[in-house]
């Protein structure tokens, strides 16, 4: 294509201009039958329609501006009628400026006069003139007296002295610049004037006289400086010369010459003078001149230019270039004379001059700047096949622009089969423009690109060549990895892999296989395999057991490749066809037969002789065949073999055969023979009868001749004799009798026994002293003491064993017997079961019979051993694509041979084809587990599986092998070698290779090709290619010049495999579609502006547009045409006639040609308006479909401007928004098909029209229109398929999404077919719900199930297939009659009945018992597996007294049935655990509050607690143990008040259910803890008529502040301290007690205790206060009561006398019976009487415990006891020695939690005996005689027994034991109440 050029024309010589072209021809098929060679190309050049020249290059020598214009290059084929192809270029010839008028070097001007400085220039384009004064642009000076004129130059008006200087004139245009300069000198006429400083530069200067000499004559001059005369007519100073003109010349000048000079002129008329100042400066020079540079484009160039100058002057830099003024350029900057050019480019190339101007002189230097850049890309790169070398390609190109730097080399890259680009040639000589690229692969496509490299780097790549395919060749390599293996005795399977892909040299078409007998001459037989995917061949009809030589070659369309190296292989062996020869069979003894034979003839063996089989079978029992295998003896021709272990003296048939690996040959003829006779075995059942003094009868059982020996005498008997009478014996003599059978071979084994004549034998006695030793896993040694032998020899020992399992003893069974060892005392018992509990007993046997059983031995347990057997019934349950699920029958517990926790199962899995590694899968600690799943397997692969059991000792044996096949899956790989080629603008040819075998994962049904436009958002289109061998596809109806993403996948019946890597390919170019949205927004009477958008389908790279127009009334063929560029989007057409209609056509062009036209009508008028919207929008019902419909309308008014298009908007009901559906409906249609609609959806539509003015308003909406239904888009999703019976499965699925139903869902169709499928036919069932039970299936068959959803239109696509096996289904009913009962505190027994037979759905294998603690299923659920026939199980190791729930499921091979409803039971109670804690509080010197926590595991219903305490060491010689039983679980505290201050006590607490649990213990010292406060001080009591006031002062604080005070009281009638007022504030120092709280007539002692955070402190000293004396203590009341009592006694005595009855001891009151508990005190009393103490219950409230409406803080004080204080018989002040006490305790009626807060106790606590014993103020006691069984002992004391009026049913018991060591001192603590 011609390039645009701009030429610079210089004044001396103009260069030549070259216009080059390169034409790419696209022959039209209709015009050129075949592409013509480039030689027939004719190129011509034209300008303004005038032919200039021909040839590929046009040369214009010495171009001038007259040569500027448009040049056209036309290319055509000389013998073609096709339209010429043309290209255009515009040539512009520029001329640099040339000055036609220049100023003089110097111009003199007078003051106040005008002066003209001429400067005129010519050039193309016309140059512009710029003026500078002293290097400063005049535009900057802005002097209004400087006037620039284009015709004359510069005019300086009214010259002033400051106008003097250097004036520069620059003429510039695009071609260059030129300049001229002048010096303006200004003269003055003043007589006496101080002139301006003279600037002196250089080494020579002339000082001119500034005086006007016009009117002066005959003057005399003299010059002086200061007082020195320098030059005159008579004076001459060196270097100073007076010139004739009156001037002064100073030569050479120096800096010292600076000063003031005076010129004096004189004549006869007088003298005048003038003074001037001379200043001498150093000359300004460039000291650092710029240097030539080469820089890379885009970088920064710096041209240094530094000047040296006089410091008194200022300098100015001016840097100019040929083509640019640096001051005005954007990327130029000048700093201190250096020029910096940023972002250099080619326009910066040139000579740069640095000029320095100053008052002290000017200087200039020049330098050259070269800008180098990356080379341009080579042009016109073409590739063509090399005729002389089929594997090379010839490339040619045009040399590119070198970037102003010589090319170093070219870099060539190629792309093979659309693969990524790679460097092929890295250094191509830069001189060449053609190269041969060799070493390519045949039948592959190649693209090339080239780039040039220079000093800067690598330039851009050239345009890619057209893809070029090399010619196909025959493969250059044979197939690889050829493997031959014999399949049968007449066939060999040959397998191979294709040749390496780079050596295929084309498209593989198939293979040729040839074979012949190995080692023998002869022709090859050939087999042609025409499918390239087939990589195996089965050679049939071969000779049995013969070696063949096999070769394979591949072929392409170009021919057959080379054959592979031969491989040899034998056909498999056959079975022999002849039996062994000359067979002899001979019996050599009673149990052995010898065979002798010769081998069969070699030609009849048909393989390798693996040996011989000797076959022997009894004459009467042919099925009892005995086979002995004999290895062949090759060196010998005669073979011998023995068959032993036969029955003696028995007839047998004998035969032999030869066998090879495939099987056995025919048998030889059978021979009948008999084994030899032998001695017989022992007789059985030897017994003695009729034992007399001189005779006896002996009996036995065996039918052979017998010999009887006695006293070394022998008797021979016939074989029919079974008894014999021995006579002539001596009385009472012991005889040894032996019985043996006789045959012709001799005497057999002797059976002996002893017998005493006259003494009949009797039963033996039982053995004793059984001892077991040497215990091993399977044996044990039993030692014993034999029992009496029964007066005859012991003939047999019998050992019985009993197994203990789960705590239960099984029945006794015989485990060992030993005969004919009468003197044995130890037996080794064999065949025991490992890890089993045994005990043994034994008996002995003589001829009379059996002895009694011995006593059982101790229980022993055999040692552990590895399992003896493997699990049975290993069965494949199900197979998925990557897993196999197996089940088996676990080992019975009796075969674990170890602890069940150590038993597990191990499965070994390996591939049948031998690939991969063996793997094992362990099921650990799962003795009862019967199934597992092996994961991570390969799909569609056959595996071999074995199972074994193992324990902690080791593994057991492996089971038999089970074969299993994983399910078919989707392919795991994608097709390989995917290539694509654009065939045309709408078609792509796609090719690929099949999957490797390892990635198929099933039968490949075909391939799917997915293609879509690049960057498109929608799903890709899919085309299916059926058949594994179909590996090409031609895609059609594609978009033109569009990049497509292409991918291929393979699929099986399961689904799709992964996609291949995407390939990007663009379809070829084509002519474009019409431009769109052509409108005329501006229409005038004589012009219009047309606006458009690019074609929707450009179909290539748009090169431009063509606008054609004509009058609508003119000849249709007369068009005015205008072409615009590809970027144009509008064009204004002028010169039109007003009020006329014009037709416009617009078309776009690509490289292929002009495309479809877009036509529009426009009227040149200014009267236009917006159009009216379309009317009467309607959708006829017959135009409505499911996804599209037909819309009709009537066009509205156009508004005097033609309509351009319509816009359609759509709204989806009920709540959708209005959206634009189509924006460019043609203006000339009134119907439109609206697509992209949803089925069964309601819509509304509206439209608007558009003309050149704009859019109309929106039309009216249509009525709602509903599209028709369509088939559903999605199928249901199958969730599960489960067999329910042996002939039915239950299918469950998920309903499809509502948006995919496309209508009203009618139902579902379920299709199923039997696998393996020989047909694609499915059985069909229609269902409505989301689950369905499919019945009437065949047992033990495999089915595939798919589903569809359907409506009235049709069906959805099928769902993903699901496979299921039918034959055995899980049981449909749970086990029946489930019963759960408690056996013990840790065992539950579960029993059940089997499910009904019709619901078992197969053979039930066992049951799974799920059990868990109620409300803790997730945390505690366990499973136990029981196998048939058991219907009972014990669940062990359970938690005591815990409710459990149990469910059962039955299972078979198909899985588990439904669970039963939970059944529950609670385990029995057991002893609880210890209380959770034991703590102490309120510790004082005599009391402590004991608290404890409930046990963590109560293991039952808590009945109470037992508290036991005792001192750790005897106190005053007494060690007292006190036991307190607290009934009920609610009270967990006890107040103990009988402690001895300072003593340490041990407390223990136990909980009670059915028995007491373990105790928890703790020690405590009976004293305030360290850190507690001291005792309060100064106790006192004051009394008023209504209250007592207790006062105290603070004692020692202790280690922490006091937190409160406690008041304790001790009534005089009770004697123990008890809390009276609970915690008082720490600031309290007194408290008042109302007298109503005190009991009348009772004296009280009070004390105060301080409390801090450490505990209770020491109590204060007690203080006494007395109450009022009650009336019943007055003397008169006592006298009256005594008299009344006397009367009552007399009446009582009289009554007793009447009844004649007397009683020594009588109760004082009446009441109910009271249960008692005892406290025993054991003393060393030296004969003191033992007494029993009875506690009495007191009901009287303490008067000081009345309620006051508040409640004291809670405290652990026992409220579980209640006493009555009625009829207290006696009160004692002395010490009484007792042995036991009995008391009754009553629980409190009001717990402390029910009391209200008070500083006082609300009610008197109700106490136990212990509380009294620990100073309880409500307790009194009485005594009676203890030993009720003994007679009364006289004593000085008399006692009566007191009974309470009423006894509470809930009581506590306290037992107290005392012991002293030899002391009669009263018991400590008893003095308080005895």
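Just so it is clear, glycine is given a Cβ too, placed from its N, Cα and C backbone atoms.
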Range among 1719-1741, 1742-1764, 1811-1833 that TrEMBL annotates as region 'Disordered': 1742-1764
Range among 1675-1698, 1771-1794, 1843-1866 that TrEMBL annotates as transmembrane segment: 1675-1698
Helix, strand and coil counts within the domain 'Fibronectin type-III' (870-969) (DSSP): 6 helix, 45 strand, 49 coil
Integer average pLDDT (0 to 100) for the domain 'Fibronectin type-III' (1572-1670): 83
DSSP helix/strand/coil residue counts for the domain 'Ig-like' (238-370): 9 helix, 73 strand, 51 coil
Helix-strand-coil residue split for the domain 'Fibronectin type-III' (1474-1571), DSSP-based: 0 helix, 48 strand, 50 coil
